[in-house]
Amino acid sequence: MKQYDAIIIGFGKGGKLLAAELANRNWKVAIIERSPQMYGGTCVNAGCIPTKTLIHESEQAERLYRDDYSNQAKYYALAVGRKNKLVSFLRDKNYEHIKAHPNITLYDGTASFASNDTVKVVSRDKKEILLKGKEVFINTGSTPILPDVEGINGSKHVFTSETLLRQSKLPHRLLILGAGAIGMELATMYAGFGSQVTLLESGSRFMPKSDRDIAESMLESLKRKGIEIRLNAYALSVYDTADGVTLTYTDNADGTPYFLEGDALLLATGRRPMTDELNLHAAGIRTDAQGAVIVNGHLQTSSPHIWAMGDVRGGALYDYLSIDDFRVIANQLFGNKKRNTDDRVPVPYVIFTDPPLAHIGLTEEEAVKRGYSLQVSRLPAAAIPRARTLQHIDGMMKAIVNAHTGRIIGCTLFCVDAPEVINLVSLAMKNDLHYSALRDFIFTHPSMSEGLNDLFKAF
Ligand SMILES: Cc1cc2nc3c(=O)[nH]c(=O)nc-3n(C[C@H](O)[C@H](O)[C@H](O)COP(=O)(O)OP(=O)(O)OC[C@H]3O[C@@H](n4cnc5c(N)ncnc54)[C@H](O)[C@@H]3O)c2cc1C
Ligand SMILES: NC(=O)c1ccc[n+]([C@@H]2O[C@H](COP(=O)([O-])OP(=O)(O)OC[C@H]3O[C@@H](n4cnc5c(N)ncnc54)[C@H](O)[C@@H]3O)[C@@H](O)[C@H]2O)c1
């Protein structure tokens, strides 16, 4: 049996950063990845990078070939090729970085616990090897939740985000099940490329966690792109036709049955922690009702030498949280042990629609429910000179401030460059700055950030 100071299960974001950190400190590290197509993890290979590359491409395609499906389809195939090239480049870089380190051994295979310090690796040719580790880190990510809809398993036209992004044929009619982050981003993207998109959501409230003014703005923006949105959609069955797929669903509100035809159906109905093959009970590790590995604020499981990082520990599923999990663990192992996962709240998020939506902290509805005395300010994106120069005048900014303390409680930016600008608001909130710090800050001009001067002037 091979002995290591650390075993890392899954070559994801947090895991690869940790592998390099430990190896640089002379630890002997084993990292195990079940698929060579996934070196570097979901973000690089199937998540953030491919989607954001294609979303950018779709904006170009829309500008060049709007209402010209034939040219859009050609453009799409080329864009998928460029995306594949970028993904391969980044995957190779990730691989080389890990392979080059003398203290790291990469194992290709699926890992499971044999005991609480021993991990079994089964390679694709079914060879087994046992590894013993002083510390073990679980970084196995998440996997799509497949809804219980008759016919989805055998269909040739039903996809997850991962499999759809590999297709180089643009679907003329795309059906999407689930109006969450993936559903909205890919609806915007495919509509930009020229697909007719229908977005079906089982819930009755669009963007249930957002304020209604924001959700309405998003709804209008998606509709302007030609995306049809149907709420209360309870999917029943799917069957393949000669040239696509037929989806049957009922409207939850009144029971009306519907049949919809598409060239492809995307399942975007959530993701769950990837713990299926880990045999966690052999190590005495507990999971919650969603299958997430239960950890404390330092990311230790019930066995303190076994840790979990990234999507597999449940909660919000973002690449930057997997990175921060690495910082929390490194701080425990080598730092002052003061970091924990609670000290990073509030965490911003972004949905990369067009315009994109970025949010941090409480919504107005949440702040009212919690009994805050608050002030709310709104600014249309069109009022910001940079939005005019970029010809992106859709959307709005919204801020919520505690009326007594002047501290920012929450902020939503639904406008061009929102993914960048939200980081400034985040910095102000994390440093407990009074809202006037942003109101009076000298921002460059013209920039979307200077919209914050006006947004916070209203208080
Ligand atoms: C379509 C899509 C778009 C996204 N866009 C964004 C975005 O814009 N911004 C953002 O912040 N987040 C985004 N996310 C979420 C982000 O990708 C994830 O939060 C992040 O990649 C999780 O990283 P991780 O470190 O938990 O693990 P991952 O990067 O998922 O890595 C886990 C690795 O473990 C491997 N593995 C699993 N089980 C085993 C096993 N038993 N043995 C060996 N190996 C195993 C897997 O193959 C995988 O490579 C997106 C996700 C998706 C699906
Ligand atoms: N920009 C980003 O940071 C980004 C982008 C994409 C994904 N992600 C991460 O990936 C995770 C997964 O994304 P997602 O969009 O799959 O999940 P999600 O949880 O964001 O949304 C899933 C949606 O599907 C709906 N739904 C569930 N079952 C359904 C059914 N049978 N029929 C119709 N609708 C149904 C849910 O009500 C929900 O609105 C997100 O939680 C997010 O953390 C992040």
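Even glycines carry a Cβ here, placed using N, Cα and C.
Nobody curates TrEMBL annotations by hand; they come from automatic prediction.
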Which candidate from Asp276, Asp288, Asp311 does TrEMBL annotate alongside Lys52, Thr140, Gly141, Ser142 at the FAD binding site?
Asp311
Which of these, Gly109, Gly255, Gly262, Gly270, does TrEMBL say binds NAD(+) at the same site as Gly178, Ala179, Gly180, Ala181, Ile182, Gly183, Met184, Glu185, Glu201?
Gly270
Disulphide pairing with Cys48 per TrEMBL - partner from Cys43, Cys411:
Cys43
If you measure from the Cα of Met184 (NAD(+) binding site), which of the recorded positions Cys43, Lys52, Thr140, Asp311 is the nearest?
Lys52
Going by Cα-Cα distance, pick out whichever of the recorded positions Cys43, Gly178, Ile182, Glu201, His445 is nearest to Asp311 (FAD binding site).
Cys43
For the binding-site residues listed here, Thr140, Ser142, which shows the highest count of neighbouring CB atoms within 10 A?
Thr140
Counting only residues 6+ apart in the same chain, whose Cβ is under 8 Å from the Cβ of Cys43 (disulfide bond)?
Gly12, Lys13, Ile49, Asp319, Ser322
May I ask which of the recorded positions Gly180, Ile182, Glu201, His445 is closest to Lys52 (FAD binding site) if we compare their C-alpha atoms?
Ile182
Among Lys52, Thr140, Gly141, Ser142, Asp311, which the record lists as binding FAD, how far apart in Å are the two most distant Cα atoms?
22
Relative to the Cα of Glu201 (NAD(+) binding site), which of the recorded positions Cys48, Thr140, Gly141, His445 has the closest Cα?
Cys48
Taking every residue in the domain 'FAD/NAD(P)-binding' (4-313), what is their average pLDDT?
97
